[in-house]
Amino acid sequence: MGRWERKETAVAATTADYTRYPTTAKQILKPKTTEVTAGSTAVFEAETEKAGIKVKWQRAGTEITESEKYVIKAEGNKHSLTINNVVKEDDVTYAVIAGSSKVKFELKVKEPEKSETVTPAEAAPAPAASELPAPPVESSQNTEVPSAGTQPEEPVDPIGLFVTRPQDGEVTAGGNITFTAKVAGESLLKKPSVKWFKGKWMDLASKVGKHLQLHDSYDRNNKVYTFEMEIIEANMTFAGGYRCEVSTKDKFDSSNFNLTVNEIYHLCHDIVSFPFPSKTNYIFLLLHSTEGHDDAGELNFSALLKKRGDGKTESQPEVDVWEILRKAPPSEYEKIAFQYGITDLRGMLKRLKRIKKEEKKSTAFLKKLDPAYQVDKGQKIKLVVEVANPDADVKWLKNGQEIQVSGRYIFEAVGNKRILTINHCSLADDAAYECVVGEEKSFTELFVKEPPILITHPLEDQMVMVGERVEFECEVSEEGATVKWEKDGVELTREETFKYRFKKDGKKQYLIINESTKEDSGHYTVKTNGGVSVAELIVQEKKLEVYQSIADLTVKARDQAVFKCEVSDENVKGIWLKNGKEVVPDERIKISHIGRIHKLTIEDVTPGDEADYSFIPQGFAYNLSAKLQFLEVKIDFVPREEPPKIHLDCLGQSPDTIVVVAGNKLRLDVPISGDPTPTVIWQKVNKKSDLLRSNDDSVTPSENSSDLNTDSKLLFESEGRVRVEKHEDHCVFIIEGAEKEDEGVYRVIVKNPVGEDKADITVKVIDVPDPPEAPKISNIGEDYCTVQWQPPKYDGGQPVLGYILERKKKKSYRWMRLNFDLLKELTYEAKRMIEGVVYEMRIYAVNSIGMSRPSPASQPFMPIAPPSEPTHFTVEDVSDSTVALKWRPPERIGAGGLDGYIVEYCKEGSTEWIPALPGLTERTSALIKDLVTGDKLNFRIKAINLAGESGAAIIKEPITVQEILQRPKIWLPRHLRQTLVKKVGETINIVIPFQGKPRPKIIWTKDGQSLDAKDVGIRNSNTDTILFIRKAELHHSGAYEVTLQIENMTDKVAITIQIIDKPGPPQNIKLTDVWGFNAALEWTPPQDDGNAQILGYTVQKADKKTMEWYTVFDHYRRTNCVVSELIMGNEYFFRVFSENLCGLSETAATTKNPAYIQKTGTTYKPPCYKEHDFSEPPKFTHPLVNRSVIAGYNTTLSCAVRGIPKPKIYWYKNKVDLSGDAKYRMFSKQGVLTLEIRKPTPFDGGFYTCKAVNECGEAEIECRLDVRGNQMNVMHNTNTAVK
């Protein structure tokens, strides 16, 4: 937040708040925490304001009932609780409740002392881990890992993203400390984003450098991400509140922690103990800047050079930055922030306006509130203070208004602790809070943070046909949340031809496209402040596939004819035609449409039904045709004893073949003839065992069928799924719901006494293919992959025509088809996927019968691609053995993130690339060391992530490892090209950048003489030189010259510094003439002009009677003046101040003798009377009146006083002086005294005192002021009292 954030973990269950309840049952005597020995008796006493108040006692939150162990007594307004035979289990928290007032206290039970001798090990048990003192933090070691046994294990966060949150830390100035955060990565698809903040907004990623390093790692075994923030050589300005934020695609979490930096006072003593030259070198080594970072210019000289005195070893007093800001003018704020390393100046200035100056040592508070607290919306927070007096009453204020008891505000008191608990925090609780004890206050601010809106159910990919309705749906974490919809990165609005419609239903958000077009294809994105979800929409032209066409039928009279076809779209309707005319359904002709199957059923077929039938799908240029043939059975005259005969159309050596689709009904009518009527036998020849099935009761192979197997035992039943119906002139073979096992050769044999006949019929059952095995994914790229699969083990009896591929997101349930035309090959390159999203694939096999069941899903995979090559790869510097390189991150990093960079070099003429750095580097610059002087090297760099290496960025020309001679050049800043003016005591810090190679020799001189190292500090680096003077003096003024020298080449610049001080007073002031109402003065300029031009003079006069000085002239440039409009009969003194850029002189030149303004007219010699003494002590002529006012409106208190000499007036509120409080304004006019109170609050009520004091005595008067709340507060208080 804008101020330092504090954690509330320290105020958990052990503290409580106390607040005065608006009730009549106020307790006067409160029970206190007591310590007793086990086996003894404990007595607690409480006293209420009135008698007859019902008092309850509680033990660990449960009401105590009277028994032999617990004795409860009540006499008038005195109440007591006696606990007999105290045991260790009684060591808990107790409470007494009177009305709505509740006070908690504790009973501490100690073991009785043993009479026998106790060994030292038993007498002094080891303290608990929490009681052990924290080990001192050494400046040279890292404080991240505590020693074993002294600190508990890091807590594991059961909720949120954190496994381990960063904990509060403490370090000594100059030491190192590391904060660690661990994030569970098991459920994350990619590396989470982590940011570190100081204060409210300062992102520490831009401050990485000499004093700050950020690291991260991943434990693949435990699947835990570890993020570290390392602070190096901490100084006092690093102290404060920090925050760590971690976010993923749909989750967010944050954790606050504090850093305390302890000042090390013996550092300066150690520095002074060295000889001065060694000390100087040591100090400048600490101030060496860091190249290429924002904090490179932050030089805190005041903290390191404050011991430059003459061998004095005592430490300097601590600097109070708040006090400096209070006294400084606004124009100096920026300068103070730079000098003392303030990083959150705006936040400090806001707090400076609200917070009043507090005494360093508080008499009422042992522990005050933290400056600020933070809590999530809907959570609970406790504000805790510790008061010096355990019986003290406290008030809690919110934005200056006293908080009344309610269900959301709970006030508790536990010993010295006072706790305010706020339940179910809302944005209205984001306010300033005060705890008031007597006249002292403790101030804090509470910040309520709204949780981010997360996407709990993401969007799903969709594939539709042109003209269909599209509805994208997602679910967010909060009802009525505001979301933003985008298509291919462009925001969608309702104004765009009303094409898009947005709908909210509770937590669900909808994007609706009523009639989709080809242009609507693309990626649609929904965004909230806590997550993003992307889905793809594919709009295809309407295409229809015929999975099963209608087949020709041959039926006989009174039978049923069924035409059936199957198409790919179950929503497609169609019409049936008979010889080109639409078929009209009736009682005999039925038309049905179930899913993808269309049927035309004709019952009781007649010769008139013989025709060409067609099915035409609506909207498609398809025509599925078949012919219905009517089988007319002709019965010819047959002579008696005619041998049996089977009348089939085709009889030959090869058997007839009948094809039936699995699941359909097979009905085979076989006409037969013979006299007498022949016996019909049906047999199935099994290919494996050649088993024969017969419909006779006992099967005995005939002599004429010697080619059949004699082991036939199976008979065809007259009822069942496979059966035979026998009639006089024909027999019918029926298979209901044909299955694959029904496939084979069926033999029909007809016999009579005259002879026999037989025929073989082959039945072939065809079906959809078996599902293929799970496809395999390979060659994964940024938005594509290659899918491979194998043909199904069984093709359904028909050749596989092709394959259909489907894709879905892993967490989704919606499969999306990728191809409309059947795939002939066994591989397919899938495209248009979203990088970083996990997908699955499955495959269908299709033959002429239909589409198989889907294959098992493939292994989940994520499209990911390596980053692009780094950009702006250049050489920054070259020396005899090193080359400095720098570059910028790749333009495209992708979902795989960026693990680091690999830098390689190759000698000119060679093809072997050698790694220049051990392992990967995460920085965007590198210094390659230990190179051979004179070698010509080519350099290249690659970016690395999970997907592999990027392309290489190569420097075009080879680099020669050799120091480049560069002419010295000083870049003098613009403000130093004119005279630099500083006041005495100010700090001078001059930074002059330059260039030149090799490193030039730098010489500073002043007025042609070398500088004194004891008086002026110089720090040189490769790119700049700094002149530093801690406290400027007048002798530091002069012309400074800095010279750069490289061999015989030089460059120099001159800098003029002028140190100024306040001037001395004017000299030789004298009163030259007095006439009428005028007096003439003259003087000479001051001897000391403060090293600056005298800008003018200020002339003042004072009446001899009162000696009150009034300004006559200011900024007066001449050395003489005439003072006019003097009062006749009075005597006047005059004084003159001189003025320059620093201001007025400390003292003024005053005339020795007064100027007497004589009265005009006749000279009258008055008689000599004894001068009367008019002095009198102060006396109030009009008293203060008690007042009652309304809160929020300015009010005044007035009285009148007289006294000679004029008394000095003091105002008090409850005996506290109000002169330093900006809330009050005091006026005094002609003896009438007025105190104005700006917008009073109920807290401003009390007794106000006006005190007048002069040399003759003093007087005071008092009144009472009551401040009433406004009407809304009155209604609120009334409702509270009623409740």
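Each Cβ is built from the backbone N, Cα and C atoms, and glycine gets one as well.
Residues annotated as compositional bias 'Low complexity' in TrEMBL: 117-140.
Per TrEMBL, the feature compositional bias 'Polar residues' maps to 141-150.
Positions annotated as domain 'Ig-like' by TrEMBL: 22-119 (among others).
The feature domain 'Ig-like' is assigned by TrEMBL to 152-260 (among others).
As annotated by TrEMBL, domain 'Ig-like' applies to 360-437 (among others).
According to TrEMBL, the domain 'Ig-like' annotation covers 451-545 (among others). Each residue in the domain 'Ig-like' (451-545) gets a DSSP state, and the totals come to 3 helix, 49 strand, 43 coil.
Mean pLDDT of the predicted structure over the domain 'Ig-like' (644-762): 69. What TrEMBL lists as domain 'Ig-like' is 644-762 (among others).
The domain 'Fibronectin type-III' feature in TrEMBL is assigned to 771-867 (among others).
Annotation source TrEMBL lists domain 'Fibronectin type-III' at 869-964 (among others).
The domain 'Fibronectin type-III' annotation in TrEMBL covers 1065-1160 (among others). Secondary structure of the domain 'Fibronectin type-III' (1065-1160), assigned with DSSP and counted as helix (H, G, I), strand (E, B) and coil, comes to 0 helix, 52 strand, 44 coil.
If you look up TrEMBL, you'll see 1178-1262 (among others) marked as domain 'Ig-like'.
The annotation region 'Disordered' is assigned in TrEMBL to 109-157.
Taking every recorded stretch in 152-260, 360-437, 451-545, 1065-1160, 1178-1262 and counting its Cβ pairs under 8 Å to the domain 'Ig-like' (22-119), the highest total belongs to 360-437.
DSSP labels the residues of the domain 'Ig-like' (360-437) in these numbers: 3 helix, 39 strand, 36 coil. Just going by CB pairs under 8 A, the stretch in 360-437, 771-867, 1065-1160, 1178-1262 that sits most against the domain 'Ig-like' (152-260) is 771-867. Contact between the domain 'Ig-like' (360-437) and the domain 'Ig-like' (1178-1262) holds: at least three of their C-beta pairs are under 8 Å, each pair 6 or more apart in sequence. Across the range of the domain 'Ig-like' (1178-1262), the DSSP-based residue counts are 3 helix, 54 strand, 28 coil.
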